[in-house]
Amino acid sequence: MSGVWGAGGPRCQEALAVLASLCRARPPPLGLDVETCRSFELQPPERSPSAAGAGTSVSLLAVVVIVCGVALVAVFLFLFWKLCWMPWRNKEASSPSSANPPLEALQSPSFRGNMADKLKDPSTLGFLEAAVKISHTSPDIPAEVQMSVKEHIMRHTRLQRQTTEPASSTRHTSFKRHLPRQMHVSSVDYGNELPPAAEQPTSIGRIKPELYKQKSVDGEDAKSEATKSCGKINFSLRYDYETETLIVRILKAFDLPAKDFCGSSDPYVKIYLLPDRKCKLQTRVHRKTLNPTFDENFHFPVPYEELADRKLHLSVFDFDRFSRHDMIGEVILDNLFEASDLSRETSIWKDIQYATSESVDLGEIMFSLCYLPTAGRLTLTVIKCRNLKAMDITGYSDPYVKVSLLCDGRRLKKKKTTIKKNTLNPVYNEAIIFDIPPENMDQVSLLISVMDYDRVGHNEIIGVCRVGITAEGLGRDHWNEMLAYPRKPIAHWHSLVEVKKSFKEGNPRL
């Protein structure tokens, strides 16, 4: 019988299940044998399809319930550990009864006295400094402890502060005049509880004061280097009236500085008759010598009437075959009639002035000054300019003159002339008037700037000159002559120079 139950496929199983259900019915249907129905009633439970399906469903349900229960228990334990156990442990670790006394105890006089005794111990200084650093981010430390620790650290550092006196300078002295309007540095209030202690200069400032004066020494060295002599040069001048030619004879140079590694130089000389730089003449190169003898003649065709407006420019160079030639120095002879009338040859010795590049002739400007003391009126008349530097690609400039009234390095007023187009020798004859009381004449100066007008872009400065008590050279002499002869126009030619960086920064001197 077991073979009968196990034989067949799914359809046989379904047929057997239908027969079994019919046999279990009461009464059995007609046509069914009683023995056959009894055998179906005695069928093993595991062979019954319905019983097997019911057992499988119960097992799966039990497994699902167990898994869900375990997951819920795990979630509950995790939440309990996160919400209850961790805060309780941190609170117990960070809040012992003896770590932080109550605020009332910190504010008591006995606690402050004990804290002051502990602060006197130098061994606790490192710990206190660390506490001050931590107090900025630690809200648990009381504010009273932070303030007392900071006061002790400040008092201790003031006693150990090193004081040195920096080198005085004119720039700082001039700044002190404007200091009271801003703040009094020496009168800063450090609080009533911390009186300023007497500061004693340390041994560093006494032993090596030159360390603090190094900046001023460097400035003096740079100034002396700019004015030092680089040897001497000997030349002669003579004018040939028949051919209207100026004859310049370069004779020799003496005591030139060494520019090569071997301790010598390869000098030669360039000659210009300014303002014409297109005509450039040059001597031969003399190898490995610091005292060359040139003995060469150079001819410049120029009318005798123009000699007063010409300048002789000599530039001494060191020849270098494989790189740029080094400039040794230069000599500029402003007055060709300085030694004689050029009717006969005259020998001239000049010091070679230190220079790193050839000087550029920017031109000259002629103006007159006239002061009326009774009216307090200063009149500057711009007459003309000559030989201005070409600023445009056309070889010309569009010059105009700007006059600025300065007082203690500050510009009070400025006025301009008209613009002259496409010329290097403009003529203006325009008067510029400033109202200046007589008592203020020693405090003001005039800055005359020759500008090149550009339709597109910024206007460029061709050159400047300055007149006033604080000016130098001809600018000061012209100003003093105007004051000596009031109500009389005093006219002079002034050479234009480049705007120096020191003047841009507010230095009243050019």
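Backbone N, Cα and C atoms are what each Cβ position is placed from, and that goes for glycine too.
Per Swiss-Prot, these features apply:
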{"type": "TOPO_DOM", "residues": "1-59", "note": "topological domain 'Vesicular'"}
{"type": "TRANSMEM", "residues": "60-80", "note": "transmembrane segment"}
{"type": "TOPO_DOM", "residues": "81-510", "note": "topological domain 'Cytoplasmic'"}
{"type": "REGION", "residues": "157-178", "note": "region 'Disordered'"}
{"type": "COMPBIAS", "residues": "160-172", "note": "compositional bias 'Polar residues'"}
{"type": "BINDING", "residues": "D260, D266, D318, F319, D320", "note": "Ca(2+) 1 binding site"}
{"type": "BINDING", "residues": "D320, S323, D326", "note": "Ca(2+) 3 binding site"}
{"type": "DOMAIN", "residues": "361-494", "note": "domain 'C2 2'"}
{"type": "REGION", "residues": "482-510", "note": "region 'Necessary for cell membrane association (isoform 2)'"}
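The structure, with features from Swiss-Prot marked on it.
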| residue | record | DSSP (3 states) |
| --- | --- | --- |
| D260 | Ca(2+) 1 binding site | coil |
| D266 | Ca(2+) 1 binding site | coil |
| D318 | Ca(2+) 1 binding site | strand |
| S323 | Ca(2+) 3 binding site | coil |
8 Å Cβ shell about D320, S323, D326 centroid, Ca(2+) 3 site members excluded:
K259, D318, F319, F322, R324, H325
In angstrom units, rounded to an integer, how far apart are the Cα atoms of D318 (Ca(2+) 1 binding site) and D326 (Ca(2+) 3 binding site)?
5
Could you state the whole-number distance in Å separating the C-alpha atoms of D320 (Ca(2+) 1 binding site) and D326 (Ca(2+) 3 binding site)?
7
Taking the Cβ of D326 (Ca(2+) 3 binding site) as the reference point, list residues of the same chain whose Cβ is under 8 angstroms away and which are at least six residues distant in sequence.
K259, F317, D318, D320
Is it possible to get the count of other C-beta atoms within 10 angstroms of the C-beta of S323 (Ca(2+) 3 binding site)?
6
Enumerate the residues of the same chain, D260, D266, D318, F319, D320 excluded, that satisfy the criterion Cβ within 8 A of the mean position of the Cβ atoms of the recorded Ca(2+) 1 site; list them in sequence order.
K259, S265, P267, V285, F317, R321, H325, D326
If you run through the domain 'C2 2' (361-494) with DSSP, how many residues end up as helix, strand and coil?
14 helix, 67 strand, 53 coil
Could you tally the C-beta atoms, other than its own, that fall within 10 angstroms of the C-beta of D320 (Ca(2+) 1 binding site)?
13
Validating a neighbour-count step here. Other CB atoms within 10 A of the CB of F319 (Ca(2+) 1 binding site): how many?
16
